[in-house]
Amino acid sequence: MIALGKHPAGFSPESKRRVILTDLAIGLSIPLVQLVIFYFVQDHRFDIYEGVGCVESTPNTYLLAVLYTGWPIPIGIISAIYCVITLRVLLRRRTELKRLIASKDGLTSHRYYRLMAMCIIEIVLTIPLCGFVLFISFNELDVYPWNGLADLHQDFGRIDEYSAEEWTSIPGFRMNNVSNQCMTFGCAAVYFCFFGLSEEAREHYRQAYNTSKQWVGLPDTWRRSHSRAPSFSRTGTSQPTIEFAHEASSGVSTTQISSHGISSYGKATSFGSVDPDHISYFPMARLPEKSPPERRGLVQPPRYHTRYGEKNRKPSQ
């Protein structure tokens with residue numbers, strides 16, 4: 001995530017390329033190796049369980065634990081060691097981390113918080129859950145003796161079907177299926193919470209929405225209904241107006257009050273008028289003016305100039 005961002009955290013192009021290749025090697029090589037190994041532990045095509053669907057068929061053998069289901073435990077141990085080292089480094093170098101975040105434009109502390117949370121979850125959940133699955137497999141279910149590929153792949157093309165009453169009647173088998181479903185959903189939910197709700201992901205969602213709204217006719221912005229806050233708009237004469245939204249139950253209608261450089265708050269009656277005795281004025285930030293008010297058709301209030309001498313002039317005798 002850090003290497004593929006718009007502003008990588010101190011990554012040169014060469015180091016960024018090396019990180020990407022390493023991630024691709026880890027993400028692609030392990031599944032490909034598992035596909036090859038799966039040939040040695042699969043006895044027929046697949047099984048169909050009522051209420052679950054299609055499930056791969058792997059008899060419970062010791063070779064299955066060594067080559068397939070036991071992989072998460074050593075990977076979890078290595079990941080836990082790496083996570084502990086990462087947490088120690090982050091906690092020891094908090095001052096350097098704050099200085100690095102302040103010096104980099106596209107680097108935020110949220111990425112490191114997510115990294116620390118992922119490390120803690122990796123340490124707490126990975127090894128215990130995998131150990132629990134292996135314990136259920138070899139303690140509650142029968143172990144099938146592995147007598148070679150010829151015996152294992154006999155009638156390889158068959159598809160077995162099991163009703164809900166059949167597979168739920170076996171406690172260990174029911175626990176194994178339910179735990180696999182829950183862990184798959186839980187891992188996906190945790191991963192989405194960490195990376196699918198981040199600031200970078202929300203920015204990509206916003207870009208995708210802006211791109212697709214032209215094709216399907218979606219609105220430009222989401223409008224909030226029944227809002228009490230005043231909304232600012234412009235009239236045909238480019239004069240700023242303030243619109244007040246009131247509830248219908250109070251008997252007060254929506255009123256627009258025009259102003260120039262000030263904001264007017266008044267008590268609006270059901271006829272849409274404004275009581276001048278209840279209007280208060282307070283200065284607001286002026287909108288940028290591209291031309292004088294006279295050219296934009298705004299009516300200026302009259303100015304009265306009273307000279308002190310004329311007002312207090314004594315009549316001539």
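We number each residue from 1, going along the chain as drawn.
Heads up, the Cβ atoms here are built off N, Cα and C, so glycines get one too.
What TrEMBL lists as compositional bias 'Basic and acidic residues' is 287-297 (among others).
Residues or ranges marked as compositional bias 'Basic and acidic residues' by TrEMBL: 307-317 (among others).
What TrEMBL lists as region 'Disordered' is 284-317.
Summarising the annotation, TrEMBL assigns transmembrane segment to 20-41 (among others). For the transmembrane segment (20-41), the residues of the chain that approach it from at least six positions outside its boundaries are 3-4, 56, 58-59, 61, 63-64, 67-68, 71, 149, 152, judged by C-beta separation under 8 angstroms.
Residues annotated as transmembrane segment in TrEMBL: 61-91 (among others).
Residues or ranges marked as transmembrane segment in TrEMBL: 112-138 (among others). Distant neighbours of the transmembrane segment (112-138): 60, 65, 69-70, 72-73, 75-77, 79-80, 83-84, 86-87, 90, 97, 101, 172, 175-176, 179-180, 183, 190, 194-195, 198; these residues of the same chain sit at least 6 beyond its ends, with a Cβ under 8 Å from one of its Cβ atoms.
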